[in-house]
Every structure is written in C-alpha cells, then in structure tokens.
Amino acid sequence: MGLVKPKKFLGQHFLKDLSIAKDIADTVDVCPDLPILEVGPGMGVLTQFIMQKNRPVKVVELDYESVAYLRENFPALEDNIIEDDFLKLNLEKLFDGKPFVLTGNYPYNISSQIFFKMLDYKDLIPCCTGMIQKEVAERIAAGPGSKTYGILSILIQAWYKVEYLFTVHEHVFNPPPKVKSAVIRMTRNETTELGCNEKLFKLIVKTTFNQRRKTLRNSISSILDKENPLSADPIFNKRPEQLSVQEFIELTNQVEAALKNKTDIVYSNDIARKGTNKKE
C-alpha cells in the first residue's frame, strides 16, 4: 500500500527526519533490557530504530490505515501490533505485568492524557521518553517560579526525574505542525511512597493551579475552612507556582492534620475540575 495520509482528528504529524527518529529511539537506552511500548507509530519511522534494540517491542495504533501499513512493511511486528486506543488499554496485561519503557512520537491532541495514564501505571513504567509539543515539554520540565510550572510539572516530578533533551522544528513533519516539538525523558526517581495522602495531594495541586492567580488561602478554601488556625500560616499567602513538590507534600500533610474529621474530606474531582479550561 502507499503512504498513510495524516489525519487531523487523530493529531497525526508524521516525522520525516530519520536522524531525529534514531535520536528519539536512543533515549530508551537509559533503561536497558526492558521491553518497549511505542504509542502512535504511524508509518514506523521511529519503530524501525526501536526494533534494532533487540528487545520485545509492542506498538499501539488507533488508525486502521497505519495498522495496515505496519503489517505490510514490518512483518516481524505482526503479532505485536495492538489496534486500539492507548488511553483505554490495561497496561498490566501488555508484558505479563512486567515493567516496560513507554515511548513514541505522541499524538499532540492527547499528550497530556498519555502522561496522566503513565502516572496511573508508574510502578510499571520506570522510563518514558518521546516527542511532544514543545510547550507541553516545557511545562513538564518547569520548576517553581516559572509561568509554565503547573499540574503536570508537580504530578510528574513527584515520581520522575524529567529531562528536556532537545527541540524539534516544524519542517521535519508531514504535515508541519503549527508549533515546535521537543523530546523529553522521564525516569522514575527513588520515591516509592509520596509521604502524604496521595489523593488529597492531587486534589490540592489541581485545585490550586486551576486558580493559580489566587493565594493558597483563597484557592483551597473549599478544602480547608478559612477560620481554621492553619490558614494563618505564611505559606497560605503564596501562590501555587511558588511551591516545590516537597512543599506541596508538606502542605498536604498540614491540611490533612488540620481537618477535624478526616472522613469528611471530599476527594472530589468536581473541585479539581474548576477552571479545567486552563493549561495544566
């Protein structure tokens, strides 16, 4: 069959530059010997170099046309092509419950969702690499005090060391995206336990960053009553982008300890969804 036509509704931008594809494939070398799962292989420009790593490889592709192309041009991959939506997969079943490396030239329209799913399976994914929008990569790698520091930054950096590796320009894609891209690598840090109530931690992070112009005192009033003595702590005069991951962990412990009846804590996504049109 001929070349696959990129589909806008799937966020497809096919990489044309083989040297960049090889560089992306080489980012998985930090986790040697582990099997590899590639998301959104398209026509296999990255896949061909991943397969040279001599490790078990599976690919997940939703586009039926791309699947047909892969089956025709990568016969050795035949039994390891998963025609499905990555976001709906049970990742525990892919490699018999064993850890694996996640990589890909990720579809731009779901890149953030891919990383939230990665966090759900963080104990199975010690390393995640790949290419995404430059803006999203900068957010993930951002530190406290940065305008791009946000929900993704905190939640990912709580569990992973993040490396912004290099920038990729628009002209090496078909079709060229309207934004620059970047290659990043996320490697699990030594954290095995967060040191706080993880569900409350996520709620506080999402709630405060969805109201990032407000001080913590105002943004978490839905969780902690303003009359609570804890609200007098100077930390509540800060805005969320001023806090490190560790400070968010400490804040979570303070808030939980201050609540009189812990069973009354509402771990509701409804609170966290406030301002969901804002960037994560």
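Positions of Cβ are set from backbone N, Cα and C atoms, glycine also.
Per Swiss-Prot, these features apply:
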- His13, Leu15, Gly40, Glu61, Asp85, Asn105: S-adenosyl-L-methionine binding site (BINDING)
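Features as recorded by Swiss-Prot, highlighted on the structure.
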{"residue": "His13", "record": "S-adenosyl-L-methionine binding site", "DSSP class": "coil"}
{"residue": "Gly40", "record": "S-adenosyl-L-methionine binding site", "DSSP class": "coil"}
{"residue": "Glu61", "record": "S-adenosyl-L-methionine binding site", "DSSP class": "strand"}
{"residue": "Asp85", "record": "S-adenosyl-L-methionine binding site", "DSSP class": "coil"}
{"residue": "Asn105", "record": "S-adenosyl-L-methionine binding site", "DSSP class": "strand"}
Far apart in sequence but close in space: which same-chain residues, 6 or more away, have a Cβ under 8 Å from Leu15 (S-adenosyl-L-methionine binding site)? Ala21, Gly42, Val45, Leu46, Asn105, Met131, Val172, Phe173
To see if you understand the setup: which same-chain residues, six or more apart in sequence, place their Cβ under 8 Å from that of Glu61 (S-adenosyl-L-methionine binding site)? Gly40, Pro41, Gly42, Val67, Leu70, Ile81, Ile82, Glu83
Min neighbour Cβ count (10 Å) across binding-site residues His13, Gly40, Asp85, Asn105 flags Asp85
